Amino acid sequence: MATTTSDAPKFPLHEACRRGNLSLVEQLVKESPKKAYEKDGDGRLPIHWAASSNSAGIVLLLSGLPGFDPDVQDESGWSPFMIASNVNDSEEVLNVLLGRDADINQKNYNGQTPLHLIASKNKLDMARTLFDQKPPASARVRDKRGQYPIHRAAAIGSTPMITLLLEHRSPLDATDNSGYTALHHAIAEGHGDAAVTLLKAGADSTKREESGLLAIDLAPDVEVRPRTYRMVGMIANKLDTGPTVH
């Protein structure tokens with residue numbers, strides 16, 4: 001945040017929002033309401049900093065001002081809702097912005113939607129909330145790295161998030177720009193449970209990434225790799241042949 005030579009903030013309202021100082025924000029907005037729509041050196045409005053600091057009271061105040069735009073983007077293309085999606089324990093802020101009709105499928109300049117960020121943070125309840133909106137969040141949006149939200153969920157090993165995304169028509173075997181499927185990401189990060197969930201959902205274990213490696217070749221621990229091969233083989237065999245009849 002830029003400051004003047006006297007160490008006073010160049011953008012005092014932005015700074016108050018960044019610090020989560022609700023009483024000061026109320027005072028500054030009362031003195032000069034138009035400051036709520038002034039951009040700082042990062043192309044951010046005060047609402048962006050309020051979302052970043054997870055200050056629900058300030059977000060509620062600013063979002064109630066005349067002319068408020070819930071989808072205004074900073075210079076990186078991040079809306080307040082996107083910023084809050086990337087902050088831990090931000091459900092209250094997100095719900096305030098949903099109440100102001102924030103666009104839940106808006107993309108930043110990296111092509112990410114809020115669902116990409118929410119999947120990365122394993123915010124399962126909020127993901128459910130987004131799917132319940134009308135129109136709902138889409139699990140079928142690819143970012144500029146070629147990743148869908150399911151790639152993010154697999155990389156952090158969240159089996160509940162993977163299951164939820166698949167229930168809402170997420171692609172299962174789509175590859176990102178490196179040729180990684182969700183299964184590649186799960187195994188590369190050592191998330192065996194997530195890998196099993198993907199395989200049981202029908203993930204293709206024979207797909208190779210751009211270097212020619214199978215997902216099971218990416219198991220991080222060499223000693224664990226043989227067990228990973230057996231796990232994949234057993235699940236694939238069960239899916240192909242069905243249960244054994246005695």
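Numbering starts at 1 and runs along the chain as displayed.
Cβ atoms here come from the backbone N, Cα and C positions, even for glycine.
The average pLDDT computed over the repeat 'ANK' (76-109) stands at 97. What TrEMBL lists as repeat 'ANK' is 76-109 (among others).
The annotation repeat 'ANK' is assigned in TrEMBL to 110-142 (among others). According to DSSP, the repeat 'ANK' (110-142) comprises 16 helix, 0 strand, 17 coil.
Beyond the repeat 'ANK' (145-177), the same-chain residues lying 6 or more positions past its ends with a Cβ under 8 Å from any Cβ of the stretch are 110-111, 113, 115-116, 118-120, 122, 124, 127-128, 131, 136-137, 139, 183, 185-186, 188-191, 193-194, 197-198, 201-204, 207, 209. Residues annotated as repeat 'ANK' in TrEMBL: 145-177 (among others).
According to TrEMBL, the repeat 'ANK' annotation covers 178-210 (among others).
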(message) Below 8 angstroms Cβ to Cβ, which residues of this chain, lying six or more residues outside the repeat 'ANK' (110-142), approach it?
(response) 76-77, 81-82, 85-86, 88, 91, 94-95, 98, 104, 148-150, 152-153, 155-156, 158, 160-161, 164-165, 168-171, 174
